[in-house]
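Visitor: Let me give you the structure first, and then I'll get to my questions.
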Amino acid sequence: MATEESGGLAQTAAVKLSEMGERTKQLGNAIQDPERQRRIILVIVCVALLLDNMLYMVIVPIVPDYLARLESESEQAHHVTGNSSTNSTQNENFDVQIGVLFASKAILQLIVNPFTGTFIDRVGYDIPLLIGLSIMFVSTCIFAFAENYATLFVARSLQGLGSAFADTSGIAMIADKFTEEAERSRALGIALAFISFGSLAAPPFGGVLYEFVGKRVPFFVLACICLADGILCMTVLKPFSSRNRENMPVGTPIYKLMIDPYIAVVAGALTTCNIPLAFLEPTIANWMEETMDSSQWEIGLTWLPAFFPHILGVYITVKLAAQYPHLQWFYGALGMVIIGASSCIVPACKNFEQLIIPLCGICFGIALVDTALLPTLAFLVDVRHVSVYGSVYAIADISYCVAYALGPIVAGNIVHNLGFVQLNLGMGLANVLYAPALLLLRNVCLMKPSHSERNMLLEEGATGLYDTIRMEERQRKKHGYSSSGNCVPIDENGTFAGQSKSLSEEETSEPEYI
């Protein structure tokens, strides 16, 4: 009897193991499905961007108060007393320390990005993404256990190094995996939504947990999410598996991309549109206390309502870009005008409710600019260079970092010397004056592929995005339109309708841009 029972148990266990093995195999096959894999990759990248921006902003309500407590305890321990001038000097030094600490992430990211962009172009997108997540995990753990300014500074700087890898490779991976312009705009819009949510939700998230359960808990939560995202990255992307990289196209050097006039215009727009957000974040709290007598909860929730118009801006731009892709430049210019007008309205607000309106306008405008111009960068690389995206999105990251590196250091000095009103008027005027520069992008949709890119279109298969576009054009030639933006009619040979030159003449000529 016992033998029969043990045999039945063994048979049941074998059946369950077989079922588990079958389910594991099905899961593996599902992960390898290209469409599902693209969605999983989008999730991995979005979580990485969410983490980076939450870690960037979660310290805003935590670190100043924590460092003030440490300084107070140190003074009490040493029985330090001084006159009012000494205390004033100490307060100024403390403000400078906080500004340098906040800016250190963007400064290091700004320095490292040119090298990480080249590295990503050489090795692909998955290994740099995993490196970035690993560094961010270490940085988050250091934040949790840091008990002095020097350790916090190291953690903040390490986060900048991790962001230079994770942010750039993540955005570049999205551009590479989503080749259709409409799909790419939608995917980048989703990524921008996660960036926005991380930036705007992190201060109340960190402030509440810091108030009730202490400094370490917010960072422990973020570290666990980062670890889970890293494990998912290794499982799905398999960054260290043996793969042939010798067939990877060689990307255009970053210095050549920087001097491309169209890319330079986009980079300037990304910097200018983010200046109001970067400069207001470190200054608006003191201004609200002085002019509105705002409470701490109002200051903590200042930017949270702006998340919803940001999402609305992303949604509207993605929908418009799908219908009218040749107007991407206009969406960006309109966003800069909205940002400029909203910045000028901020100093006129008299209470918290009024202030929400221009801040929502700023975030709505930033959503228009980012969602319109980030896909434009990838398209410019496709038609003017080689379809490898690490360096071009390193330039985009540099553009953001310029604004956020200057913000904590420069904004306070401008407010002190010129005033809060002049700061906002200057930022608003800069955005409005820069908007017409985007007119230079109005014919981007009509551009032809570069000569070097055309030479890469070999019969051995697609090696870059533009190869894929050309293959799709051949399949869709009966429709009479290019799949790359649906802007220019093409004939049955895959060339532009109305083009009088022969293929041989075109190949021997220099690249032609409209």
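Cβ coordinates come from backbone N, Cα and C, glycine included.
Curation plays no part in TrEMBL annotations; they are all automatic predictions.
Here TrEMBL flags 505-514 as compositional bias 'Acidic residues'. Look at TrEMBL and you will find 41-514 tagged as domain 'Major facilitator superfamily (MFS) profile'. If you look up TrEMBL, you'll see 476-514 marked as region 'Disordered'. Feature annotation from TrEMBL assigns transmembrane segment to 40-63, 127-146, 187-205, 217-237, 257-279, 299-318, 330-349, 355-380, 392-415, 421-441.
Describe each of these features in terms of where it is and what it packs against.
Guide: Predicted-model confidence for the domain 'Major facilitator superfamily (MFS) profile' (41-514) is 80, expressed as mean pLDDT.
Long-range neighbours of the transmembrane segment (217-237) within the same chain, counting only residues 6 or more positions beyond its ends whose Cβ lies under 8 Å from a Cβ of the stretch, are 31, 37, 40-41, 43-44, 47-48, 51, 54-55, 58, 62, 126, 129-130, 133-134, 136-137, 140-141, 143-144, 205-206, 209-210.
Sequence-distant neighbours of the transmembrane segment (330-349) (same chain, 6+ residues past either end, Cβ-Cβ under 8 Å): 269, 272-273, 276, 280, 284, 292, 313, 317, 320-321, 355, 357-362, 364-369, 371-373, 376, 420-421, 424-425, 427-432, 434-436, 438-439, 441-442.
Proximity of distant same-chain residues to the transmembrane segment (355-380), defined by a Cβ-Cβ separation under 8 Å and at least 6 residues beyond the stretch ends, is recorded for 171, 175, 181, 184-185, 188-189, 192, 196, 200, 260, 262-263, 266, 269-270, 273-274, 276-277, 280, 288, 292, 302-303, 305-314, 316-318, 321, 328-329, 331-332, 334-339, 341-343, 345-346, 349, 389, 392-393, 395-396, 431, 441, 444, 447, 465, 484-485.
Counting only same-chain residues 6+ beyond the ends of the transmembrane segment (392-415), those with a CB under 8 A from a CB of the stretch are 95, 98-100, 102-103, 105-107, 109-110, 113-114, 116-118, 120, 163-164, 167-168, 171-172, 175, 254, 257-258, 263, 266-268, 270-271, 274-275, 277-283, 286-287, 374, 377-378, 380-381, 385, 422-423, 426.
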Visitor: Please give the sequence-distant neighbours of the transmembrane segment (187-205): residues at least 6 beyond its ends with Cβ less than 8 Å from one of its Cβ atoms.
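Guide: Sequence-distant neighbours of the transmembrane segment (187-205): 42, 45-47, 49-58, 60-61, 170-171, 174-175, 177-178, 218, 300-301, 303-304, 306-307, 310-311, 314-315, 317-318, 363, 367, 370-371, 374-375.
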Visitor: For the transmembrane segment (257-279), I need the partner stretch with the highest count of C-beta pairs below 8 angstroms, choosing only from 40-63, 127-146, 299-318, 421-441.
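Guide: It is 421-441 that shares the most Cβ pairs under 8 Å with the transmembrane segment (257-279).
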